[in-house]
Amino acid sequence: MSFVEYGDTIKDGDTAIVFLGHESMFPVKVQHGSKTQTKYGVIRHSTDLIGKRYGSKVTCSKGGWVFILHPTPELWTMNLPHRTQILYSTDISLITMMLELKPGSIVCESGTGSGSLSHAIIRTVAPTGHLYTVEFHQQRAEKAKEEFQEHKVEHLVTVKNQDVCKNGFGVSNVADAVFLDIPSPWEAIGHAKSALKIEGGRICSFSPCIEQVQRTCLAMEEHGFTEMNTLEILLRVYNVRTISLQIPDLGKAQGTAQFKSGVPLKEMVGHTGYLTFATKSLF
Ligand SMILES: C[S@@+](CC[C@H](N)C(=O)[O-])C[C@H]1O[C@@H](n2cnc3c(N)ncnc32)[C@H](O)[C@@H]1O
């Protein structure tokens, strides 16, 4: 198993996703001799997991069953241990598209945080690209490194434990794209410009507050970035329901009829943050 290559069977040392339902799943580190408790009973790694195919239905000790899924960056985002606020797949998908990331891209990111975005970037730029990710909190940087090793993507990522606003990304003129998710991104715009390729590239900064966006835009302008654009993405989820409606009284039919209808959820995830994109141009 690796987060960038699909493996058919579950192996000792893999990170697998135990899927109990859409609202209930968790990651598990597969280890010979280990056991995992679920509400359906125990899963014994040696007999129930190792050697089974990913996607298998596994019966737990109390007779209930779960699916064991191959990890993906999307599942990891939904299940990872939170050490910070994280970016979710809705924002990540826009970031990936607007930064024009693809296999082979070189990307700089700060801060690493819980590694949610990092895993998605790594999967996109594999097998020939690279992510340079900078995190000034020592334990977070170390934990991220450890997870990248466990997920067998360490050859695609370099973790640096330093302050990006003071020391930058540790690389010059190599990046196709730079992503910032830090409280004062305007202090890192100069370093982002130096990390980007001489001939140009894309930058994105994520900030929850509009005042941060204003300062970041001013800094981007000062450093000659162009095509500046700030977007906010809101996800509106619809439930498909069967509803009953009164039949209009046109003289014949009476009563109610049943229809399928798409009904938006009463509550939706609100503002996460503003995404400011810009281009480093040669001129
Ligand atoms: C909100 S989290 C990033 C979450 C990440 N995007 C994810 O999806 O998991 C922000 C991180 O930036 C780090 N950070 C803040 N300022 C920094 C700086 N100047 N240099 C490096 N890291 C910084 C924090 O320690 C924190 O871990």
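First residue shown is number 1, and so on along the chain.
The backbone N, Cα and C atoms fix where each Cβ goes, and this holds for glycine too.
TrEMBL: automatically predicted annotations, no manual curation.
Per TrEMBL, S-adenosyl-L-methionine is bound by Ser114, Gly115, Ser116, Leu117, Asp181; the candidate from Glu100, Glu135, Glu187 named for the same site is Glu135. When the record's S-adenosyl-L-methionine-binding residues Ser114, Gly115, Ser116, Leu117, Glu135, Asp181 are compared pairwise by CA position, the greatest distance found is 13 Å.
Excluding Ser114, Gly115, Ser116, Leu117, Glu135, Asp181, which define the S-adenosyl-L-methionine site, the same chain contributes Thr84, Ile86, Leu87, Glu109, Gly111, Thr112, Gly113, Ser118, Thr133, Ala144 within 8 Å (Cβ to the Cβ centroid), listed in sequence order.
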